[in-house]
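To start, the structure under review is shown below, and the notes come after it.
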């Protein structure tokens with residue numbers, strides 16, 4: 001209702017604030033579309049086992065890793081061992097490890113895991129072990145009063161620790177001895193010419209699940225286990241994880257060709273050994289199962305601190321927003337912890353009265369030797385195989401986007417399929433969350449950049465999904481696709497009120513005026529709404545406050561850089577990249593994380609921005625308080641009170657930043673160079689005129 005006149009101080013700053021408020025309002029409305037249609041799912045896996053035990057389909061499980069340094073082989077094999085130990089007929093399980101790093105160290109670790117699985121799987125099933133990752137299980141305090149159990153526990157643990165020691169030792173050395181290389185013919189694939197970015201296709205079947213001699217120590221059959229490293233050539237685009245997944249789909253079709261595919265990241269181990277049966281309840285439902293393309297489990301993390309210092313868990317998202325998408329039958333595919341129907345993943349469209357014979361599996365191996373199977377599999381993993389085909393376009397995961405999983409899921413839904421979001425009380429999988437602020441921000445930068453690319457592409461759900469998925473789902477998708485551009489009004493709101501306060505330029509109505517009530521209502525109502533959502537989702541009060549901090553930090557750094565990089569890419573000045581999140585941290589970093597002390601420790605440009613914004617608002621808050629206490633009358637400053645409050649709130653969420661800048665002396669504090677740059681930049685900003 002009020003616009004400063006031409007020539008009046010703060011006219012353009014006010015208009016910018018008004019635009020920011022409108023954008024915030026639109027973004028909030030978009031967020032409600034994901035909350036208005038919440039559905040909670042339940043299954044009856046016991047009934048499934050009774051009625052369909054003979055008809056249970058074969059399952060192919062894909063585990064993806066990309067770098068033996070950032071994603072240690074010992075971590076990857078724990079995931080592999082956990083999924084090999086599902087409560088499911090082992091002859092119907094095939095596990096594939098995709099090693100996009102092409103490392104003989106990862107292959108060696110998998111070879112060791114194949115031997116240990118003969119002891120681990122029967123141990124798990126005999127004593128109903130949970131979780132089924134050896135590393136996670138042996139870290140628990142286990143009751144060893146039963147002498148029989150204790151004896152097997154100690155012997156199995158020793159086998160695991162010996163195996164882990166051998167693997168870690170090999171990784172630290174960076175090479176393998178000739179004695180180790182003589183253990184399996186697969187090591188002959190690596191020679192002096194093989195590099196991470198230039199090597200031939202490598203396919204090695206370590207356990208032949210169809211072979212009657214492939215049994216554990218109790219004589220029970222073992223799941224099939226396959227190592228894959230697709231061909232890499234410098235002149236060929238490898239399309240990151242999407243390319244690895246598509247190679248897995250083709251290679252598995254040559255070996256096991258199961259109708260259901262589960263894919264997990266290498267850091268996401270199995271927690272619920274019955275998760276397969278849960279997922280199959282949806283696929284095998286007589287009324288609606290034939291239309292289900294995929295069943296998506298949430299991404300849960302085992303290493304979340306009590307108050308979730310980096311807001312990694314996202315409890316309201318998992319329990320409210322994603323359940324809302326499920327109400328539209330349009331849950332996103334998030335790239336891990338997802339059970340797929342193979343035919344839908346390979347480009348098939350859904351049609352009415354679609355019928356699947358789950359137990360109608362093709363014997364892909366019959367009449368072929370193991371060498372013939374491996375050679376046939378290598379051909380479909382070659383760089384040249386996809387040329388002139390629809391792979392990456394209409395088949396498999398789509399190429400050209402940093403968040404290939406979400407755009408793939410959207411494309412599948414637009415072909416007539418439906419998806420399920422299932423978030424059981426007992427978590428199906430546990431992953432590893434970033435333990436440093438830098439890791440968390442880099443991860444969100446990659447996500448938000450890829451999501452914004454989708455919005456600007458032909459796959460924008462408002463256009464591509466029109467008439468194919470429900471309107472609420474189209475709008476709900478935009479809640480995530482617009483993470484990057486929402487950084488602009490947030491950055492504006494963090495900077496401009498502080499600068500205007502320093503120049504005594506008011507941007508809000510007087511505190512005791514009638515027009516201040518709408519602003520007060522919006523602030524109080526939105527904060528209460530957010531707090532209630534968090535607490536009802538299982539978060540703590542301090543956890544909610546940490547989320548407010550990360551909300552500001554992500555939007556002013558990760559999302560802003562994602563916006564800038566996406567625009568640059570759209571203009572043709574750069575190409576899509578992919579960053580693997582480092583899963584390895586030192587003991588002192590881990591200790592600070594467990595103590596919920598924010599980790600900085602380097603001169604990242606993101607940390608410079610965080611520090612500069614914190615210093616700017618501290619300057620403005622100090623000036624505002626000084627004026628209130630020692631300056632002019634309260635009446636003269638009444639219309640500046642809202643800006644003082646805003647600066648005060650921003651300063652409060654930045655208390656860990658001030659602590660890292662001025663008081664901490666550990667390795668996780670802010671470097672002095674960041675402090676110097678932030679003070680200089682903030683001081684220069686103070687001198688800027690306000691129009």
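Backbone N, Cα and C atoms are what each Cβ position is placed from, and that goes for glycine too.
Here's what TrEMBL has on this protein:
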{"type": "TRANSMEM", "residues": "12-30", "note": "transmembrane segment"}
{"type": "BINDING", "residues": "71, 100", "note": "UDP-alpha-D-glucose binding site"}
{"type": "ACT_SITE", "residues": "100", "note": "active site"}
{"type": "BINDING", "residues": "241, 265", "note": "Mn(2+) binding site"}
{"type": "ACT_SITE", "residues": "405", "note": "active site"}
{"type": "TRANSMEM", "residues": "480-502", "note": "transmembrane segment"}
{"type": "TRANSMEM", "residues": "514-532", "note": "transmembrane segment"}
{"type": "TRANSMEM", "residues": "559-580", "note": "transmembrane segment"}
{"type": "TRANSMEM", "residues": "600-620", "note": "transmembrane segment"}
{"type": "TRANSMEM", "residues": "640-662", "note": "transmembrane segment"}
{"type": "TRANSMEM", "residues": "674-690", "note": "transmembrane segment"}
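A 10 Å cutoff on Cβ-Cβ distances gives residue 71 (UDP-alpha-D-glucose binding site) a total of 25 other Cβ atoms nearby, all chains included. Straight-line distance linking the Cα atoms of residue 241 (Mn(2+) binding site) and residue 405 (active site), rounded to a whole number, equals 9 Å.
Between the CA atoms of residue 405 (active site) and residue 71 (UDP-alpha-D-glucose binding site) there is a gap of 20 Å.
Taking only the Cα positions, the spacing between residue 100 (UDP-alpha-D-glucose binding site) and residue 265 (Mn(2+) binding site) is 12 angstrom. Note: the Cα of residue 265 (Mn(2+) binding site) and the Cα of residue 71 (UDP-alpha-D-glucose binding site) are spaced 10 Å from each other. Counting Cβ pairs under 8 Å that are 6 or more residues apart, the transmembrane segment (674-690) and the transmembrane segment (514-532) reach fewer than 3 and are not in contact. Residues 493-494, 497-498, 500-501, 504, 506-509, 511, 516, 519, 545, 548-549, 552, 597-598, 600, 610-611, 613-615, 617-618, 620-621, 624-625, 627-628, 668-670, 674-675, 678 of the same chain lie 6 or more positions beyond the ends of the transmembrane segment (640-662) yet place their CB under 8 Å from a CB of it. The 10 Å shell around the Cβ of residue 100 (UDP-alpha-D-glucose binding site) contains 24 further Cβ atoms across the protein chains shown. Every protein chain shown contributes to the tally, and the Cβ of residue 265 (Mn(2+) binding site) ends up with 25 other Cβ atoms within 10 Å.
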